[in-house]
Amino acid sequence: MGKIIGIDLGTTNSCVAIMDGTIPRVLENAEGDRTTPSIIAYTQDGETLVGQPAKRQAVTNPQNTLFAIKRLIGRRFQDEEVQRDVSIMPFKIIAADNGDAWVEVKGQKMAPPQISAEVLKKMKKTAEDYLGEPVTEAVITVPAYFNDAQRQATKDAGRIAGLEVKRIINEPTAAALAYGLDKGTGNRTIAVYDLGGGTFDISIIEIDEVDGEKTFEVLATNGDTHLGGEDFDSRLINYLVEEFKKDQGIDLRNDPLAMQRLKEAAEKAKIELSSAQQTDVNLPYITADATGPKHMNIKVTRAKLESLVEDLVNRSIEPLKVALQDAGLSVSDIDDVILVGGQTRMPMVQKKVAEFFGKEPRKDVNPDEAVAIGAAVQGGVLTGDVKDVLLLDVTPLSLGIETMGGVMTTLIAKNTTIPTKHSQVFSTAEDNQSAVTIHVLQGERKRAADNKSLGQFNLDGINPAPRGMPQIEVTFDIDADGILHVSAKDKNSGKEQKITIKASSGLNEDEIQKMVRDAEANAEADRKFEELVQTRNQGDHLLHSTRKQVEEAGDKLPADDKTAIESALTALETALKGEDKAAIEAKMQELAQVSQKLMEIAQQQHAQQQTAGADASANNAKDDDVVDAEFEEVKDKK
């Protein structure tokens, strides 16, 4: 078996590593660097440049130089975050025919996986140059909070690059593998804080060692997949643009060339301010007007940068609290804090994380390389080169289906270890229903409409039967890559239907954040809605059973009683369409009061049936002259 390489496909930079025996090794690219900018350029003469060569020519070719494509992968054009990027990116972001976010370069429409594949090809070539043999398999990392669509799109990018993606692995988990592999014996609980170029993740991971085998178990994960170094850069760029506008009266946003130079300068200044207290952004001939050329020379202090991005850093703290809560731990239970991603080099980020956990983060993990190393380790586990390592990851959000009353019924709860499979039996809501629609949802709210729809499909050919009788088995299966497969089967007819969640119906990052926040903020509203649905279902059942009893009673039910019951049934039916739980309960009570005569008739009929049954049994026993008899009680199926 050939080598399975480990690739960290980052928003800003990418990195590739392999297992050299039992030691992971980060590989240098053709330019001699251990990381490669995730930048792709299409030149005027038809050449495709990747990495540092693409970055070097960006200033002269801004519209055809693509960066931060990971922010678009597996996303819809109408997503709020994509729309924000549309206004600030120098290249053209467009809507594909299926509604996905694509880019247009020199009149050609391109999907994000196509573009990311160019970076993966360079990673593949770097590994092949080092190994001297073809490479066809890889483990690729994604943010822990990436959804089905984004994971699927990342696998597609690998396939386009000529790689069979053996496993998609979460970035914080990969970093934990890199950290934990060479550490001594003993059990540890670590927090991996991963703030990269475009995404943020926090994972709480337990490393256990039993008889020489290390188990890496993710207890909980949280994050924000639209928060990263690119956002920090944008804040500084906006500040510099406004300062220049105040000074010169010229808005640089209308000049793509100037904005590209400014982007490079802002990124450089941000990095310098991690070690220096102040820096100069000096850009001669940044633009010109009728009076001549204009130069930018603005002093930026570390304090100024921190004031510009403080709210971004604070945004990363809330997911830390949720992850700890989900893991059932407090900050004192965390033994080590690992920082991953280039943006964690910022002193303010390190300070905030240290304040939250009450301990200094470890400095012996390379934030740019740890994720690729972990991916290579996972590759080694899959080939058998790395033994005695078990990785247990989780799904970041709850998954379920819409059931009667517009409720989401959860089949797999968030932070469930994957791969996992869960089945549950549901039934029909109407008599003689021949088809059911399986509506797949992702999120934490009780009301189906408040969660993200991942897709839906129909199961047809159900045999006619009273409501509640057919048995529809719904199965959710999440594979090791975190990708969801759903099937529904009619246990009576054997008919089955399956769906794999496709890239066109994934969640976007902010929606995930919003779902969890909404679930916490709206816990009381959710509880009330759940109670309303329960009451509605009770009312619906009462409606159904009362109508059946009226039918069975026939002429035995006096006309006055029948009229009163019909009136109460209509009133209850109207109340069930509303949102008032108390009104439904009141109408149920009224129906019960006017149905007393009906209940008496029903009880009499039931007693007569039992008496008739007992008499028949006695006569049969006498006729057959049977001395010993065995009786088996047959209970009605509910």
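Glycine is no exception: its Cβ is also placed from the backbone N, Cα and C atoms.
A quick note: this is a predicted structure, and the numbers were derived from the prediction, not measured.
Annotation comment: Swiss-Prot describes 602-620 as compositional bias 'Low complexity'.
Residues annotated as N6-acetyllysine in Swiss-Prot, with sequence analysis given as evidence: LYS109 (among others). Cβ neighbour count for LYS109 (N6-acetyllysine): 14 (other Cβ atoms within 10 Å of its Cβ, all protein chains included).
The phosphothreonine annotation in Swiss-Prot covers THR199 and rests on sequence analysis.
According to Swiss-Prot, the N6-acetyllysine annotation covers LYS245 (among others). Neighbour count (other Cβ atoms within 10 Å of the Cβ, all protein chains): 13 for LYS245 (N6-acetyllysine).
Under the heading N6-acetyllysine, Swiss-Prot lists LYS304 (among others). Of all Cβ atoms in the shown protein chains, 14 besides its own fall within 10 Å of the Cβ of LYS304 (N6-acetyllysine).
Neighbour count (other Cβ atoms within 10 Å of the Cβ, all protein chains): 13 for LYS421 (N6-acetyllysine). A strand conformation is recorded for LYS421 (N6-acetyllysine) in the three-state DSSP classification. The N6-acetyllysine annotation in Swiss-Prot covers LYS421 (among others).
In sequence order, ILE601 are the residues of the chain that are 6 or more apart from LYS556 (N6-acetyllysine) and have a CB within less than 8 Å of its CB. The DSSP secondary structure for LYS556 (N6-acetyllysine) is helix. Per Swiss-Prot, N6-acetyllysine is recorded for LYS556 (among others).
The region 'Disordered' annotation in Swiss-Prot covers 602-638.
The closest partner of LYS421 (N6-acetyllysine) among the modified residues, by CA position, is THR199; the full candidate set was LYS109, THR199, LYS245. Distance noted between the C-alpha atoms of LYS304 (N6-acetyllysine) and LYS109 (N6-acetyllysine) is 40 Å.
Distance between Cα atoms for LYS109 (N6-acetyllysine) and THR199 (phosphothreonine): 25 Å, as a whole number.
For THR199 (phosphothreonine) paired with LYS245 (N6-acetyllysine), the C-alpha to C-alpha distance reads 31 Å. Secondary structure from DSSP puts LYS245 (N6-acetyllysine) in a helix.
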